[in-house]
Structure formats: C-alpha cells, structure tokens
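What TrEMBL says about this protein:
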type    : residues                                                                           : note
BINDING : A:47                                                                               : NADP(+) binding site
BINDING : A:124, A:125, A:126, A:238, A:239, A:279, A:294, A:295, A:296, A:297, A:298, A:320 : FMN binding site
C-alpha cells in the first residue's frame, strides 16, 4: 500500500532502481504561479550520483520531464505529472544478487512480504526514489519564497561540526563536496570518506536542517504536529535511524528551569530549545532538527550471507555505491522539509 | 484539522484538560473478538495521575465508558465510541493563566493560530489527551495477543540505565513507581525526581520500547515505513523531542562493516543494529526504539513571561504537575506502538 | 472500517440503535466562531422520531451533549465531541428478530460480514445514525451563513409535486408535517401516508434539495467533484436508491442544442440544466438535486423469512417504524449538503 | 486538490487533453500476480477515439507504457506507474476557444477557480482523463478473475432498451458499435446518432452495468457503502447527471410490501430490487445500476457565448467530438466498477 506524502500538497511516486523510469504526481500545488524548471533541475543535480569524487559513480543524468499541470510557464492547479528516465541501469553489476539477500538491505523483507522482488537492485527500496522527492520539494520551495530551508552535514562518523548553526554561514554549505559549511571540518570529513571508500567500507553521519521565517501557526495539534510530520518524513529517507528537533536527546537530560524558553515582549523567545515548535505548531522562531544516517549497507568487501533457500553464500562487493550518504542527503532533507511546510501552510490557510 | 491516527485501525479523539470529557472513536477493530474491559481500565490506571508520589497529584478516576461497538462482550466490527469524564477540573488552580502565556507551553501558538484558547489549562494541548490513546492502544493490544510490547524508563536526567534491553528482565518494570526494570537504577531515579520536585523543578528522561514476536512483513515501503510511523506516533506525545530506533544516533558514527547485521540460515540476524526493521518492513527480529522527553514546562517556581498584550507578567507556579513525565509515559508509548502494529497487521492482511 | 465524512471538515461517528448512545467528533470546524446550540437542537428536533402522526412513534428526546471544542460559546478550532443518549431502547419490541433476518434489511449482510450482529435492532445500520449527521450539518450550516440549503419532499409514492422549485415558496416547507411546500400536494401526501400506515405497509418517495448563493469555484476536479461528493453523501442515507442533479435522468433524453446553458454577460446562465455545477465545480447558479428513497423495509404485516440456520420463519410486524421516511429525511439531506459545502469551501480557501 | 481514487487499491492520475501525456500511479495492487498487458491495451481500444463511425474521429493510439511495478510479467506489490502520450493534439482546432467560454463546459469554472486555464481544450476537465481510469480498471479486473462486470448502452435519447438485463445476452454487447446487446435496438440507436451528428447536434443516453459473482460482505457501513462509492465513481465521469441502483427512482414509487426481497433458504433472494446491496454491503446477488449521461456540450453548430471580458462572442462549432458519449462510456463504467470492487475486496480481507 502507498499513501501519498502530504494532505493537501501531495506527492505520489513510483519507480525502481532498475526500472524504465521514476516519476510522480504532485497535487495541490497552488495555481497560476510561475515555476522555474531550471531551479528544479538544479536541485536534482545536487542529489544526483556522480556529482563528486566522494559519492557513487553511477551515471544518471536525472533529467526530469514534466508532463502536465504547467501551461505557459505557470502552474494550472491541476496535477503535475513528471518522469525521470533511468539511463544507466547496468544490470550486470547486480547479477550476483539474483538469489542472495544483501545484509542490512531490504531484499529479505521485500521478498518475504511480496513473494517476489526485482533482484537487479534495491527495486522500490532503492534511494533512487528520493529523486522524486527532490522534484516535489523543489516545486514546494518555489511556493514558499519567503522561507529559507538550509540543511548541511553536521557529522561524518566521529567527525562532528561542533558549532551550533547560529555560528555558521550556511551559504557556504555548497562550497565543498561534503556540504559542511565549516571549511576545516569539511576537509576532515572529505579525507575520512575517501579513506573509508579506499577500504571498501562505508560510514554514517548526520544532517542538520534549519528553517527560517516560518510564521507562527503552522502545524496541527495532536496527530499532525509539525515536528512529528517532519520526523516521519526524515525517517522515510533510506538509512535514517534517528530524528531529534530543538534540544532533542540532550533535552532529556535537562531540568525545566534550564530548558524553558522565556518570552520577549514581541512573542519571540530568549532561547530556542523548543526548536521553533510548541505543541506541534510553529512559534515563529527558527525550526531546526537533526537526522542520523547509518552507514550504507553495500560494501566493497566480501560478506557472508544467505540466499532464498537459506543456504550460506559469499557475496562479492561490486557496483558503484556511496561510501557515505550524507552529502547527497542534504537536498533530500530540504526537499522533504519544503513539502511538509507547504502542506501545513495550505492547511492553515484553509481555516482562515 | 485533525487526521485520524492510523489507516485501517483508526483512533479519532476529542477532549481538553478542563472540558467535560475526553473520548474517542476506534474504527477498524476486528469483529467478533472478546474484549476484556478490565484490562483496558488497568492500562488507564498505569497512566493516570495520582498513582504514586512522583507523579502529579491531580485526582482523576479516568474511568472509561464504552458507548458502542461492543455487544455481549465482543467487538461487532462497528465503531467503538468511548468517553472519559473529567472529574477534577479545579479551574481555580489555573486562574493565574487567564491572560499569560506559560513559557515552553502551547498557550502562545494555540492563541496565535486560533485566536482563542481555553485559558483554564492546556486545553487540547494537554497530555490528558493521552488517556484516549491508552484506550485505543489497550484495545489494539488485545487484538495482538501473540506480540509483546514492553516499554520502560531508560533514563531520568543524567541517570541512565546502561544495560541493553537484552540484559534486563522487563517483567520487573511495573515493580517500582518509576518503571525502570533495574532496581538500583530505579531507586536513584526515584530519589532524583523527589529532589527535583522539592526544588519546584522538573526533569526530562527517555523511554525505551521493545516489541517481540512481530512477524516478517509488517510496514509499507517509502512513506509508511514501520519505523517512520512509530516515530511520528512517539513525536506526537507531549514533550517528546527525539526518536531513534535500532542503532539510532550511535549508528551514525559507525562503519558499514561493523553495522551490517549478518544473516543466520533461518533468516534471523546475528546482530540487530537494524532494530527489527529493514526498508520500513519488520524482519522478524526484536523491534526496539528510544524516545526522548524534555523536562515538563510547568514549574513550581516563579517565572517571568508575557500576556496577550505583550506585557511582562510574573507567573507563579501552582497546581499539581508531574516533576518528570517518563514514568507515566511508559503505557502511552506502549499504547501507540500497539495501534501502529495492529494497523500494519491489517494493511498486510488486506493484500494476502 | 470507517472513513471520516469529509476531508477538512470531518465528521466521525459511532452508535447503534440499541446501544447506550450515539455520538461523533467534528474536526476542522473554523475557530473563534459563535455556535448557537439551540439551533443545533432545533435541527435535531426536525429529524427526531415522534414529531408528528406520520412518522415513527419511538420516543427519543435526541438531546445532544457537547463535550469539547467549544469555550465560552465559541468554537476553539479543536475537535467537537458530542453524544446523544439512547433513551427508549425497548429491546422487547425487537425480540422476535434475535435469530431471523428481516427482508431487505442489513441483518443478513452484517451477520455474514462480521460473524456477529446486535440482533436487538438495526445496530449500526439503523437510521438513528443520521442524528449524528444532523449535528454535524447543523454546525456546518452555521459556518455558511450566506448560503441557503433547503430540501423538501417532492414525491410520496406516485404523488408528485410537479412544479419546479423556482415556482415554490420554500419557506413553506416546514408548515406541514410531510414537508412539502405546496399545500395541496402536501395534504394528498399526508392522507396517502396515513392510509399506507393503516394497511401496515410503507411507501417510498423523493426529496429535492436547492442550494442558493454558493460562490463560483467550490468542488475539485476529477475525483472530488462537488456533485459526486453530494451524490455519495446522499447515497449514504438509509433507503436511498438514486441521485440526480440538474437535468438528471431526463437530461439523458435531450439533445445538446436544447441542453446547453447559454451564458449571460455576467457569467450567469440563461438556463440551469447543469444544476449549478460544471466540471465538478460550482458555477454560481443554484445547485439542485433529487434523491430517491425506497419504501421502508419494516412492515406491520407478517412476512416469511429465514433465520441464521437457513430455516424458514414467520416474522410478525412489530415495533414503531416510519411508514414513509421522506419527511424526516429532509433535515438529513440538508445536513449532509451543508457538510459537503463547508468541506469544499475550506479546501478552496486552502489554495487562495 | 486531488484525492486518490480508492482507499487500498488507489489510482492517482494526471494529464490534460492537450498536454504531453496522461498517466497515473496504481498503488495497492496485490503482488506476485501475472498481468496481461495486451488485455489492458484491449480495454483502452474499447474506449479510444476513432474506433467507429459514431464516435469522435480524433486520432490517438492510446498506447500505455508501464514504467514500474511489474517485473518478469508479474506485479511486485509496488506502485505501477504508467503514461499514455498524447499524439494528436492539433491545437489549431481549438484556437477559437482561446478567449471564449464554451457553454456547459468547465472552461468558466476552471478559469474562475484557478485564474488560469489551458485554453487549447478541456485541459484537466477533458474526458481524455478517463483513459487513465481504463488502465486502472483493466489491472483491477485481472485481480478479480471470478467476477464479471458487464456494462452496456441501455438508452440513447428517447430510444430505450426496454428488456431487463436478465433477458439479454450481455456477450453480444461488443458485437455492434453502439454497445447495446439487443441487435434491433442497437441499430435504431446507431441510426439516430448518425442523424444527430449530421445535424451538428449531440444526444444523451444511459449505461447499465451488471456485476455478477461478487461475494457477500464487500462494502463498508455508513460512509463507504458499496453503492455510494459506485455512485461517486460514476458521477465522476464527464457528463454524468444521475445514478440509480436496484429499483432506483422507480423504487421511490413503490410500497414496502412490493419492494421487499424475500429470502430463499440459501440466503439468496427471490427478487432483487435491492440491486445486490443491503446496508451498503454486497449480499451475493447481482449488483446492477444505471448511469445517466447528458448530451455532449460541444456542438458543430454556431453558439453565442461570452469571453473572459464578459463580451458576447460567436462560437463556431469545430473539431472532432462525440455526437453521443455512451458507446465509449461502457468500458469506463466497467473500469471504475472494477476498481471500487477490488478496493472493497482488499478492505474486507484486511479484517479477516
């Protein structure tokens, strides 16, 4: 079963890593708005494989073709259909997987759930799907011109960017290939990823996201809280193991007298351990959160595993995979955030 | 706007802290099943105020009245309506809040969003709502007799239960008032909460939850992943700031060669850093996750804040509040987990 | 399974004819609006049993108790919970049904679907449920003060009110007990219903509904067309067998050159065979439609039927039932219309 | 806004009459099932333009390309994405509409709702969208091999096929171009449509649909009744003005003693005025219903209308349009029925 992402701004998607194409349908995009298609393609290029030496070298142009919902450069209010053809399917790279379940991949669970799986690759569980999300998010971003959504890599393995986001110039994120806005830390991260890759290994990391200028009042009580929907969105990204916003896990160690954000007379707060959300509703302060990614499961090392008959088989590391996903995850985190925010904006408008 | 919790097993709720009653409607409960109403009342008693010396002393019987959907002791497949009357509304305790926004509460955001708020208390943003969830979860638990869902307090402030869940006897969780299955750690936690309360302060903590015997195949790809739905559920609980499952944030520091869970011939895995979920679908191993709660925002200390006119006002700590929410959060975490699991069980069954 | 009625203005309900209470939860009601509770009770009195000599004599006060979502006379934007206690359950009247399936009732299908049914009466399939809808609709009506929604009885058996609605004074609908705005036709209908009842029989009829002052632009293309959602709503009422809007079934006999509604320069149309909707979206003209009700299945005559074992049994007509449902259906048709319209209003506002 | 069609078997679509392509995403298709793609193409050919002399001569191959969700000829349980390229857009035919609102079309309402419209044709309101539905329905049909869904033309203008469906050989429906299973009536209909077309006019008609072998228990109480969902589906088809099932509008003239369907000992009924549904749930008898279509609004005659400035303009009939839609509506009615039935089958299975 599939449930569209979002309630009013909705993204419904399809596609597998080795199928003919990915694609999606965006519904609930406001009408009569100019849409900059190059900007969308730019966001896709931030996510696409082969963009630098520390990501997978799979070759995909990731060109999006829009099929509906746009007329004379503007949105018409009707569904925006799009597809992204898969170019470099290179099935031969994956032939060793026909029968074997890759450890810590979804091969086993998909096979058990559906009784069939596309053994040429991750199929529907592949992170290629996230290209669709970047399209949906890039459209949403253009509908939120006043809001800035900026994600960056805040750790790779044990290398942490210790500075809080307020101390960073987030415009520098795109200046290096690991997407860490602190030059020195970025260089350490890049060197580390290269070393890990050389060893045929992979490594995890975290992405932090900061949203500025969201007005007071977005988010819905109880079961559609802004942070809960952001959390669900982030936990939908491949390899994500954790989500925290505001004070996060650290906040659980604190006392109320330290943690409370006292008000200024204008309704802003003196601190922002809340992370810009109170009771699930934005309070006008910066919204920020952090997302934890496990190391990529596909190694360039030999691993022992089992096949569909339960026999032990040796699996040779092959193909072109990311040694660390966080650099490419940055635009994905932003895209999902944009979609969640636009959705809540529309919901909020409905009741005004 | 409100969206029911769940897709097939759905809980829709209403109620405010100082209104006449809370309540809800459960739809999608399998028909013709015996329902043990005492068991449901027992779960409510685990959550209710006044149950021990380290929780709020607000007096509420929290007795649930079922109004439909049950006939001769069995579910009929039709909606189960229920209400829980509020008994101890004691509005006078809250009179000091009429005009002032309590720091780090939802008073400000609700007022700005809706232009009106029930100033007698938290209104809809109050955690009294979670009593409804416990009812929904207690019904769901009975529809999943083969599955064990056990949550416990894993930290209070800086006091951590360091042992992994496998080293604990989770049957001991209910043996102490803080709901930590390790006796020594429990005592430290209790002492600390008492001290914090004496100081008019509050403290945060974490809850860990372990789900055993879930079969392979529950959870849906892409936007309805099992762990993402659990995450959204947990992030819906008042005061929650973070969620992680399996290796969680620690996993982001690891290498793939350490993190991969290698298979045994029977499809189980030798380690379980995945946390029982692969690609959003249960893999038959234990599902486990951890939830971070910030300290309660209501202090028994005087705080400076603002009122609706933006004037600075002094707010006197009054009323009866929890110094630490995690002991009472344990049954809530379990209840939400039960609802999510039953929902995915039903969805999975639809396609068999 | 249950799906709330509506997308943004949602009604979720519970209750059976012989259970403790009916009730529901309204979500998505605009905040900070005065709510006239007497007006809601008045609408319930239009639907309630025992209101006149031509409807069922079952005694029910049908008093609604609101439990949340209203504060100091205004809506708060949070869910409005309500219950209506069943007073006159009189199970003994129905004891003859314990084991037998009443012909053309839902007894058989419910039993086969769920394996259990509340044999004291219609259970969940009873039209008592529509009391919940009247509450939801009465709230919705108050959120649409500029719009008039007026239904009336347009036929009983073979007795038709031949005049088109434009030739009627719809303010006269409430002046007689059958709710037909034409006095002479009303009297014929009343006499006929009395005769039918005397014979222990029942009779069908139709209700016409006219909606004035809906603005251009409500309704959504393709699968949420205004008339399709109205149709689904009406087809949800017990005993409804057909729905048509605008020219309806008659339109299928016509030619395009007769049927097209030509424009006036102000965008209104010279005729309105379209029924106020084009492409699923309101065009600013009157919206009108007609709903067909079959005769009530419960007769005061003896019928042969079968029991759960498939044995033939004789069923004695007993209890207090409507000889004709259309008079009481009038407020139900209006209530559902109001909810559909408010829902589309909110959806439309979301994208402005 | 767009809402997918269906709850578990869902179809989400996009596309305009003069855009690059139509397409859709099917989710919730059972996994590991053989899919006959030629059969799907055959259903499309039944709907496509240019198939006979009495339908529009627009030339479209209507070839569907599947992009995902199918592997080695079988469904994988993941979303099935598909597109249908528009080949014959012929914008010049529509250039006369740039500024004018065609009477009884959605031009006016779309423009007023969205502030923009694709003036080359019907855009999103075009019946070309129904090609997507035929794909969704053709897939659904293959998942319901035991069920027969057969629609046919039951009237064109005043020419009615008077025989009840039980007296017809529905296998003969495809033997003539108007899709009426009675040869004589079919010929009258064909002659009449040809005459109407010669006059530059159009005419309405009705389609009847018969569903056999649906088991007892499909459909959900209250707001997801089987017949109400069928009604909403049919009312979503372009030009539909009415829907009735079982005894329909005729039933409203009857008495209960004539209308009740008495049981046979095996649970079947002696008559079937109920139309195979009781309380919204299938009862195992034939499900049948009738759908009314107004005459096509596009005439080959000159009409007066207005443009966006409210000026009167003369509109010349041009282009290639259907003189009567019912022959091409037959596969559409079947497709929607198949999707509704499969959806309810899956929902029912969820709770077994």
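From the backbone N, Cα and C atoms, a Cβ is placed for every residue, glycine too.
Automated prediction, rather than curation, is the source of TrEMBL annotations.
Overlay of TrEMBL feature records on the structure.
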residue	record	DSSP class
A:47	NADP(+) binding site	helix
A:124	FMN binding site	helix
A:239	FMN binding site	coil
A:294	FMN binding site	coil
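Listed binding-site residues A:47, A:126, A:239, A:294 compared with chain B at a CB cut-off under 8 A give A:294 as the close ones. Reported as a whole number, the C-alpha separation between residue A:124 (FMN binding site) and the residue listed as 'NADP(+) binding site' equals 18 Å. Cβ crowding, taken as the number of other Cβ atoms within 10 Å, peaks at A:298 among the binding-site residues A:126, A:298. Listed binding-site residues A:47, A:124, A:239, A:294, A:296, A:298 compared with chain D at a CB cut-off under 8 A give A:124 as the close ones. Long-range Cβ neighbours of residue A:47 (NADP(+) binding site) (same chain, at least 6 residues apart, Cβ-Cβ under 8 Å): A:62, A:130, A:131, A:134, A:328, A:331, A:332. Packing around residue A:239 (FMN binding site) is summarised by its Cβ count: 22 other Cβ atoms lie within 10 angstroms of its Cβ, all protein chains included. Here residue A:296 (FMN binding site) comes close to A:202, A:239, A:321, A:322, A:323, A:324, A:325: these same-chain residues lie at least six apart in sequence, with C-beta atoms under 8 angstroms from its C-beta. In this structure the residues listed as binding FMN are A:124, A:125, A:126, A:238, A:239, A:279, A:294, A:295, A:296, A:297, A:298, A:320; their two most distant Cα atoms lie 44 Å apart. Less than 8 angstroms from the CB of residue A:294 (FMN binding site) sit A:204, A:239, A:240, A:241, each of them six or more residues away in the same chain. Cβ neighbour count for residue A:124 (FMN binding site) (all protein chains, 10 Å cutoff from its Cβ): 27.
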